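What follows is a single structure, written as structure tokens, with notes after it.
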């Protein structure tokens with residue numbers, strides 16, 4: 001039997017007393033006195049900061065948004081069904097942040113960057129704040145590199161550059177998401193990381209986008225942030241900032257990124273819902289006074305960084321839905337004034353069978369022309385002019401019965417150019433194919449064809465160039481310009497293929 005020595009016990013107790021350190025930890029705690037509709041009003045929490053995360057007894061997290069004299073209004077980031085009146089809340093001292101890293105590529109995540117695709121956890125090493133300040137003027141460079149969408153009408157007449165913000169605006173069901181998805185598909189092999197943020201959409205629509213991207217091998221360089229229609233308003237409001245934070249990680253490591261916010265109208269509606277429940281005073285269309293700041297602080301994060309910061313870029317394609325083509329509503333006018341141009345999609349053009357249904361007359365790109373490849377500049381100027389003249393003549397010709405030959409020729413050319421701009425969904429075109437199509441249209445090679453055969457001719461021409469004049473494509477890919485040699489090859493191909501096509505049509 002072991003003998004217990006009293007001196008040993010006393011020395012152990014003495015040692016423990018000497019090593020004891022009293023730590024006083026002050027925790028900022030409050031009490032819920034009202035809860036409902038995803039909003040909690042909290043008494044106490046005197047030292048809470050605006051935008052600080054607060055944690056409820058059941059583990060639900062909220063964001064303190066309203067700091068009033070006697071209480072704090074917090075929005076819940078979750079269902080919050082177990083949050084009750086009288087339960088305690090503590091301030092965490094943190095503001096909303098998410099993990100970021102290369103592990104997110106190919107994954108579908110929610111507004112808090114947690115995976116929802118059933119493929120397991122995502123390994124990350126660093127975190128980023130969901131809301132971080134936009135790069136300053138000194139940190140930026142002017143937009144000078146092209147971002148090709150693969151859509152002829154956009155790349156020729158409304159060009160987009162890396163670091164630009166280009167709005168896609170139009171009524172529902174006019175092909176806004178289709179343009180965004182085609183742009184992602186066209187980034188394959190161009191070392192551009194794409195982030196698609198779905199805000200308030202049906203889960204089935206998001207699944208459709210994921211399937212399209214997977215089938216075409218585009219998920220390898222894409223992250224999808226999904227806040228479905230049944231998500232709480234708080235998560236729909238946060239999702240665009242999460243997408244921007246994920247893209248910023250790549251931008252600040254010198255990579256090029258493309259972020260699509262589909263769509264910001266639903267984010268504004270979610271923010272309006274939160275603000276009205278928080279009893280903030282409503283303004284125009286019942287939106288709160290800071291709804292402009294909601295979008296401006298998001299879109300200003302898109303930038304082309306200077307060489308010192310690694311020359312990375314973030315290009316933003318926000319989508320906004322209009323009602324009956326009303327561009328003068330509150331949210332559309334706000335976002336138009338923030339962005340560097342807009343692509344306007346018209347329901348009338350869509351119903352007339354012209355897809356993509358881009359209204360070239362009122363669509364504009366304010367900075368992208370500086371980034372347009374030289375080859376496209378060489379052929380696009382003439383296309384713009386001829387289409388503008390055609391639109392004017394077409395309106396006039398509806399009232400005139402007999403037209404002279406020159407006018408008839410111009411109308412016929414315009415109809416063929418319009419056919420040239422039609423494009424199937426999920427079939428983006430390379431620069432050399434776009435240049436060949438436009439060159440054929442503006443130089444009269446399509447005038448000899450019936451208008452309904454133009455698209456079939458162009459498909460055949462692209463195949464003919466790839467097999468018989470491969471050097472043409474090589475020159476354009478290496479120089480980005482339509483050199484004399486490339487032009488000669490293109491003319492030869494057009495002459496040879498036109499004869500072949502007309503002979504086969506007989």
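Glycine too: its Cβ is placed from the backbone N, Cα and C atoms.
Residues within less than 8 Å, Cβ to Cβ, of residue 174 (ATP binding site) and separated from it by at least 6 positions along the same chain comprise 345, 346, 347, 350, 357. According to DSSP, residue 174 (ATP binding site) sits in a coil region rather than a helix or strand. If you look up Swiss-Prot, you'll see 170, 171, 172, 173, 174, 175, 176, 177 marked as ATP binding site, on the strength of sequence analysis.
Sequence annotations record features per position, and here Swiss-Prot assigns site 'Required for activity' to 363. Under a cutoff of 8 A between CB atoms, and with a sequence separation of 6+ in the same chain, the neighbours of residue 363 (site 'Required for activity') are 157, 158, 341, 342, 343, 344.
Other residues of the same chain near the ATP site, with their Cβ within 8 Å of the Cβ centroid of 170, 171, 172, 173, 174, 175, 176, 177, are 321, 345, 347, 350, 357. Annotation: 177 carries the greatest number of neighbouring Cβ atoms among the binding-site residues 173, 177 [cut-off 10 Å, Cβ to Cβ]. For the binding-site residues given as 170, 175, the lowest number of other CB atoms within 10 Å of the residue's CB is seen at 175. Highest local Cβ density among the binding-site residues 172, 176 belongs to 176, counted as other Cβ atoms within 10 Å over all protein chains shown. DSSP assigns residue 363 (site 'Required for activity') to coil, not to a helix or a strand. A simple way to gauge crowding: the CB of residue 171 (ATP binding site) has 18 other CB atoms within 10 angstroms, across all the protein chains here.
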